[in-house]
Amino acid sequence: MIFTVPTVLAILPLLAAGSPLQSTSSSGMKIPISKRSNILNPDGSANADTLRKQVAYAAAKMQQGFISFQRNTGTPHPLAPPGLLPRKTGGNTLNNDAEQLWYGSISVGTPAKTFTVDFDTGSSDLFLPGPTCSTNCAGHTIYDPKKSSTSSDAHKTFQLQYGDGSSVEGEQYNDVVSIAGLAATSQRLGAATQYSNGFSKDQFPADGLLGMGFQSISDYNTSPVFQSFTSQNQASSPIFAFKLADSGSELYVGGTNSRLYSGSITYTPVTQPAYWQVNMENVSVNGEKPVGQMSAVIDTGTTLVLGDQVSVRALYAAIRGSKDASTTFGEGFYTVPCNAVPTVSLTFSGKSFPISPRIFNLGKVAAGSSDCVGGIVGSDISERFWIVGDIFLRNVYSVFDLGNTRVGFATLV
């Protein structure tokens, strides 16, 4: 790997700080990432409250992006529910649930300071706790723009309204942001003055969040971090990729890590550069294809796979012994027999990728039950599209190709 002088200068502070960056034989760099999971109760049954919150979180995050898209572009997003309008207050409702995001290290400012952030392909902004944050910021590493010689005040505020009545709000700044030796100068980020309860250290291990979607859904309406790497010629290749698994998870920037997948990568074009939105050809189970072509948003910030109610109902109708658990577990949820969890596959660009029954199974509906909760859930927000989260992504190596505006999947080794 060949580094330019600015890149070398950017990476030295990270190496000195002991940042867990590792190179491979490929041209990019990898960042180990972790996930805290709490979808099971102590007795091994599925945690209904946590899973219901994750459905609400994913739906609210999509709505937030739709509102930002309309405000930024002047036109409604093609997948947005009819009649959705930007809120006059500028606040976007979002029920935070921190159990579903993957986090790793970045550095910000000069001198460089290390933070942990959740890497989320379903949003597009970066925020960290600021120096005047007085609510739920204890234990988090604080970003203080006054202590960075490269920071500048953007003279703008931001605010995200949360479902519990609290919010994340603060001021916008520009500063140097580095990931794995790639440095974006004058990168927009938020310094929060308030965190909601869901961002307290005991519930949210990362310091902040880094969105990896497109600018059109940015609440700041500025270039997201990885797009800045590309426009500033920092990335050797305009690609980032994820391995999301029980162990060895990583974000790889500047290419793909060929050690983590076998065979070729199957690519599907992005149909609307806002979310990483592609066409999903079908969903199959037991030799049937109960779900046909559908738009799909590929989202590392969502644990479940969420689909429209009609399609999800058709999917479970093709699974012997399945039951509608809307009244017993949560709206949109279904159960399958624990001793016969099916293999469900999603097809992109002619190739079917199976979901492991072990991953599809979210746990027993109750201790001692013979019914287990399925990882594909019906949601009203996704009447015209599916949100494809970790239940699927943990089965594949996922590639986000900004240069060619496409998403790729390959078989994990």
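Going from the start of the chain as shown, residues are counted 1 onward.
Note: Cβ is positioned from N, Cα and C throughout, glycine not excepted.
Quick caveat, the model's predicted, so the values are computed rather than measured.
Lifted from TrEMBL, the feature list:
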- D120: active site (ACT_SITE)
- D299: active site (ACT_SITE)
- C133-C137: disulfide bond (DISULFID)
- 102-410: domain 'Peptidase A1' (DOMAIN)
- 1-18: signal peptide (SIGNAL)
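Neighbour density around each Cβ, counted as other Cβ atoms within 10 Å, peaks among the active-site residues D120, D299 at D299.
Across the residues of the domain 'Peptidase A1' (102-410), the predicted structure has a mean pLDDT of 94. Within 10 Å of the C-beta atom of C137 (disulfide bond) sit 22 other C-beta atoms, taking all shown protein chains into account.
Cα distances from D120 (active site) to the recorded positions C133, C137, D299 are smallest for D299. Note: the Cα of D299 (active site) and the Cα of C137 (disulfide bond) are spaced 26 Å from each other. Here C133 (disulfide bond) comes close to H140, I142, G170, A191, A192, T193, Q194, Y195: these same-chain residues lie at least six apart in sequence, with C-beta atoms under 8 angstroms from its C-beta.
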